[in-house]
Structure formats: structure tokens, C-alpha cells
Amino acid sequence: MADPEMVEVQVEPNLRSPDIVTMGENDPPAAETPFSFRSLFGLDDLKISPMAPDADAVAAQILSLLPLKFFPIIVVGIIALILALAIGLGIYFDCSGRYRCRSSFKCIELTARCDGVSDCKDGEDEYRCVRVSGKSAALQVFTAAAWRTVCFDDWKGHYANVACAQLGFPSYVSSDQLLVDALEEPFQGNFVSINHLLPDDKVTALHHSVYLREGCASGHVVTLKCTLYLPKSWTVQVGLVSLIDSPAPAHLVERIIYHSKYKPKRLGSDIALMKLAGPLTFDEMIQPVCLPNSEEIFPDGKVCWTSGWGATEDGGDASPILNHAAVPLISNKICNHRDVYGGIISPSMVCAGYLKGGVDSCQGDSGGPLVCQERRLWKLVGATSFGIGCADVNKPGVYTRITSFLDWIHEQMERDLKT
């Protein structure tokens, strides 16, 4: 309850400066000053009597305001000076059609950029001479005053490493070819090819190792994807069936190649190859698996095997023991049923497992093999890709179908022999 002794008073704030008037009882009104800032700055006119006791203080206040009279003139003058300087500097440092050195404001001809000679103070004109452009990740080099797309003619894996090194990456993970007609229009006008007469050890800067072309003889250009991780930072252990046992010898990885159509946030094309730095020695615990033949068909219902170090239950920890399970192949028609995966299974995928659930691959098994035995040979039919939960009803495991990527696999192997 409010206090009856209290009275609430609302005070309207005076947003304008008060009139200052000092005069005696018999003094005539003081004359207004000849200049008023009322309309310009919202100040009230100041009136003063020369004989007032505090006249000096008020006069000092007025004098402090007098520079405001010249404020608009000063501001306009400063702006004019800045504009004049800006126009003058713009004319002096105009680099239209040329390259401006950021360290010294020096202008050089575009033909002098990326020509092997440092024309800028810190050599910056010899940097940023390689780039990856557009959605297709087309490789381009800057030479002869323009960005030019690199043709796939005479292309080698060594050149991809050189290009990635110029971009600041230690290695490449994918270097593929793309039809010129599939390029975005801005990248179809100018082309270059690698000078294949140069020895590989002489190709240390890509833009110094190309020659101009009107078009690509192969009809294809180079696409490139680089990685922050050196392949040699990875090691492979083979022949292990238990992590409790003594670790097996580590084998260094020389190259990692993943499919150019792989997208981390999308399904499909999730396949990669690793090339070891040295050969494996086969024994009773270490044996190769065969690739399937082109268009080889594995019938629905055929029982195959999957294995991995993943969890044994949904959300569980990785297993210290290599587990394996028998799973029958399921047709894509059944796997695409609305009650199963509802149409997301593509021809490059294969399902395996039980619609009733109970047996399945799980988290941590990704990349593991799905193998089927044909005429006493074990063949790699799939690589563990994804699933919903683990061993759930109507949610069998989904695997990358190896036969869909045989051409890509053989192409990578053939390229490797040429590098």
C-alpha cells in the first residue's frame, strides 16, 4: 500500500538550455546578442547586464560558445581537404589493369605477376599463383596476365602434390578429370597444359611449368582436393584379431585417395583407397581379398560376412576384439520399402542383415569389409557405410557396393603405375 504522506510529483525535464539573465531592479533589459545559434544548435539566447555581479562568469561562458559560429565552416573545410587528398592519391596510385604491391603501393603489369621474377618489395607478386575454382574445384594457374584452367593432358599425381604445396597443403587426396563442357562458364575461356618434357624434379612451381592452350586435347580439365594431413602420419596394422595382444608392426601410408564425389554431409560415394609405402608379407593371418568382377551379381539372400572393431550395442564402446557376423544380402527394392529406408538406397549401395533385427554392423565398423565367398574365393562385395541404430527391426546395415566403383578403383591403380 502506498504511504498517504507521500505525494508523487512528475517533473517534465527541460531539454533545452535555460535563459541566463542577470539584471538589477532598475537596470534596463539587456540587448540580445547579434548572433544566435538557436535554430542551428537548439541553444537559447543568452542575455546579460554588464553591471551584474556574475557578469564575468557568464561572459566567459558565452566566449566559450563563440567558436561554434565557425564550426560549420571548419567541418566543410576539413571534408574538402580530405576529398582533395583522396582524389589526388587515387589518381597517383591508380592501378587499373595492373597489379598493386600491397607492401609499397607500387603498380606492376599483370604480365609481371607469377612470372618467376619478384617485382614487389617482398616478392608478393610471386605468391597466390595457383587456386581451385568453382563448385567443380577446377585447378587454375595465373600466367600471362590471366587465370587459366589446367588441362588434364599429361597430368600426373606429382603435379597434384606440387599444386597443393603451393596452396599451403602438405598433400592431395583427390585429383580427377572433368569434361570442359561441365565447367562453369568463367573457367572455360583460357587453358594451359603441363610441359611434359620437364623432368618431375624440375616441376616445383606449377605456373612455371605450363604452356598456353586454346583448348584441351583430352577434352578434360584437372580437379583437385588437398588435405591438411600428411598420409605418412597414418599407419596400418594388419593381422590383428585382438587389441589385447602385442601390437603388430606398423605400415606407413604413402597416399590416401577418396572419391571426388564424396560429400561429408551426404550419402554415397564414401569410398577411399590407401597405398602403403611398402608391400605386405602374406602369411596365415594376413591374406588379400579379391575384387569382384565387373557387373558380377551376388544374389539376394546370399549369406556374406561383415567384420569390425565397432560397438556391440547401439551407443556402446568400441570392441577390443575383432568381431564378425553372418548377414544375408537384401535387394534394393526391399531395402527401399517405406517401412525400411524409404527410397534413400541408391544403386551404388547394398543392404545386408535381417529385417527382424538382432545381427548387424554398428558404430565403429564403418569402412569394414562385407565379403562373400564365391568358388572358394573371398570377394569384397561392400564396405560398411551407414545404418539407423544397430540391429534394429527393418533397419539392416547399408554398405557401399564395390562393383559400382570398380572403374574408379582400376583407374586409380593405373594412374599410380604411371607416376
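Glycine is treated like the rest: Cβ placed from N, Cα and C.
Note that TrEMBL annotation is computational and uncurated.
Here's what TrEMBL has on this protein:
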TRANSMEM  70-93  transmembrane segment
DISULFID  CYS95-CYS107  disulfide bond
DISULFID  CYS114-CYS129  disulfide bond
DOMAIN    127-169  domain 'SRCR'
DOMAIN    172-414  domain 'Peptidase S1'
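In the predicted model, the domain 'SRCR' (127-169) shows an average pLDDT of 91. Under the DSSP three-state reduction, CYS114 (disulfide bond) is assigned to coil, being neither helix nor strand.
The DSSP secondary structure for CYS129 (disulfide bond) is coil. By a simple count of nearby Cβ atoms, those within 10 Å, the most crowded of the disulfide-bonded residues CYS107, CYS129 is CYS129. In the three-state DSSP scheme, CYS95 (disulfide bond) is classed as coil.
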